[in-house]
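Participant: Before anything else, here's the structure in question.
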Amino acid sequence: MFSKSVTLAQYDPDLAAAIAQEDRRQQDHVELIASENYVSCAVMEAQGSQLTNKYAEGYPAKRYYGGCEYVDIVEQLAIDRVKELFGAAYANVQPHSGSQANQAVYASVLKPGDTILGMSLAHGGHLTHGASVNISGKLYNAVTYGLDENEVLDYAEVERLALEHKPKMIVAGASAYALQIDWAKFREIADKVGAYLFVDMAHYAGLVAGGEYPNPVPFCDFVTTTTHKTLRGPRGGVILCRDNTHEKALNSSIFPSLQGGPLMHVIAAKAVAFKEALQPEFKQYAKQVKINAAVMAEELVKRGLRIVSGRTESHVFLVDLQPMKITGKAAEAALGKAHITVNKNAIPNDPEKPFVTSGIRIGSAAMTTRGFNETDARVLSNLVADVLANPEDEANLAKVRGQVTALCDKYPVYGT
């Protein structure tokens, strides 16, 4: 038996204090990590609901447990909404993460040892696209492509490697690539070698939903995404397809192969986020995300910093810190002291170790959710440049921190 009236602060003050401190940090710091965002109060309410109590192995109307009549409604709402959002014929909303969604896609049509062709982690790809340290690189024969000398995705190399290695699956998508990806070109290459085309649009999904980035669904055999990042939902994953060809294989890859019971409270939160993304206001949000990122990149160039690929056409870009004689690790720490949160990130052909790096990754999704516009983005990018110009000057960091505080107070995350 548990108390029905005791609060978290009363029962576990240590944990409550840590949560309160994190809430304060989110309010007082500007979030520029490209994979992070703020969910709405409605999303949090759904995720904190009584649905966390319910086991529901299986799929709507095909459960292995009783009492699922209402969670069936919840999951079907999520399925229908995400299909409408991306123009998909099939959707699985049960993956606990984007990584598990990707694993399920591989497992649905590949066998261990099959060849996959994905973007190199060192050039902006993702761990789950065949990196040697990831299960995708251990189970499958992973071949990687990258960027050309202009730091643009090298489609000629993709085609050459595809013709040479005859992969069973080509993987497109990235975690640190600023430019738009040509899905039609990938489809053309995949068709030349009879490969499945799989796109992981986790970073770009919110922009796709808002009409600010090309939709990969019409071109692909499989599409996955996380539900957080630019899509602004809870942490989780989704699988989408343009038709129902692989429905049975994908469903069984998630359950019972990779997962047991779905997280119904998270699926409810996904449903809320999908409804939010279907609203006209979300299109304006996605547009502003791109504007803010472009403004920041342009301002940083004016301050003498180099942007990988020269510009951004999305929410994200990499800053090459080598001309500044500072590592990504040091830059992340200095910016953190000024209450600007970024992540260190490898740049193409980075001479530094992955935990040090020569770059930082900047994203505009979270700041835009707070209400930052292009004027604020211009101010913020100059504050970033001020820190990078004098990363060890405590007086400089304190000055920037004060200016960041003023910006944050202007745009509270959840307060009024």
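Backbone N, Cα and C atoms are what each Cβ position is placed from, and that goes for glycine too.
Here's the feature list from Swiss-Prot:
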- L121, G125, H126, L127: (6S)-5,6,7,8-tetrahydrofolate binding site (BINDING)
- H228: site 'Plays an important role in substrate specificity' (SITE)
- K229: N6-(pyridoxal phosphate)lysine (MOD_RES)
Participant: If you count other C-beta atoms within 10 angstroms, which of the binding-site residues L121, L127 is the most crowded?
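Facilitator: Max Cβ neighbours within 10 Å, all protein chains included: L121.
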Participant: Can you list the residues of the same chain, besides L121, G125, H126, L127, whose Cβ falls within 8 Å of the (6S)-5,6,7,8-tetrahydrofolate site's Cβ centroid?
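Facilitator: Along the chain, the qualifying residues are G118, M119, S120, G124, T128, H129, G130, A131, N134, A174, S175.
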Participant: Using a 10 Å radius around its CB, how many other CB atoms surround H228 (site 'Plays an important role in substrate specificity')?
Facilitator: 26
Participant: For each of H126, K229, count the other CB atoms within 10 A of its CB; which of these recorded positions has the top count?
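Facilitator: Answer returned by the neighbour count: K229.
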